[in-house]
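Chemist: Below you will find the structure I want to go over with you.
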Amino acid sequence: MSKTGGKISFYEDRNFQGRRYDCDCDCADFRSYLSRCNSIRVEGGTWAVYERPNFSGHMYILPQGEYPEYQRWMGLNDRLGSCRAVHLSSGGQAKIQVFEKGDFNGQMYETTEDCPSIMEQFHLREIHSCKVVEGTWIFYELPNYRGRQYLLDKKEYRKPVDWGAASPAIQSFRRIVE
């Protein structure tokens, strides 16, 4: 199918109408192919799509499926500029350690499960650093997997800017599973 094992198709109009751009690998700027994006079909894999070129701006994680209008992927508007395949770890294992302070200081909580509310589950108001031990995770700025999203691969994140955030305002997180 592709270099990534997946394929994503972007359509200018709702319900998979209008000009189409197919992608099977990371693309830093597809604005020259489409002036707007109102529907998406993910035919394989999980993809991160970004509001602006060079993998910047609001990010949306899209598993395989059909998105007939931008509201279905929680898009703010019909503007997208780049995409990349999300590389999932083999075996489906997932483990993350979250810390109440930067540089892995303060109280640490480890989990292998999704967390809809860090306040309810860990009695934390914010996450200042974390270690992704296994798997790929998404941080959300609001409880119940809402708000701005941040994609975290297996590595250490000493401060919020390391995962692309301006502040530690993370309120929920979940694993990406196949």
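Any Cβ shown, glycine's included, is placed from N, Cα and C.
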Chemist: Which is it, of 2-5, 110-113, 146-149, that Swiss-Prot names as region 'N-terminal arm'?
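Modeler: From Swiss-Prot, the annotated region 'N-terminal arm' range turns out to be 2-5.
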Chemist: Looking at 52-57, 64-69, 88-93, which one does Swiss-Prot call region 'Connecting peptide'?
Modeler: 88-93
Chemist: Within the domain 'Beta/gamma crystallin 'Greek key' 1' (6-44), count helix residues (DSSP H, G, I), strand residues (E, B) and coil residues, in that order.
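Modeler: Taking each residue of the domain 'Beta/gamma crystallin 'Greek key' 1' (6-44) in turn, the totals are 3 helix, 21 strand, 15 coil.
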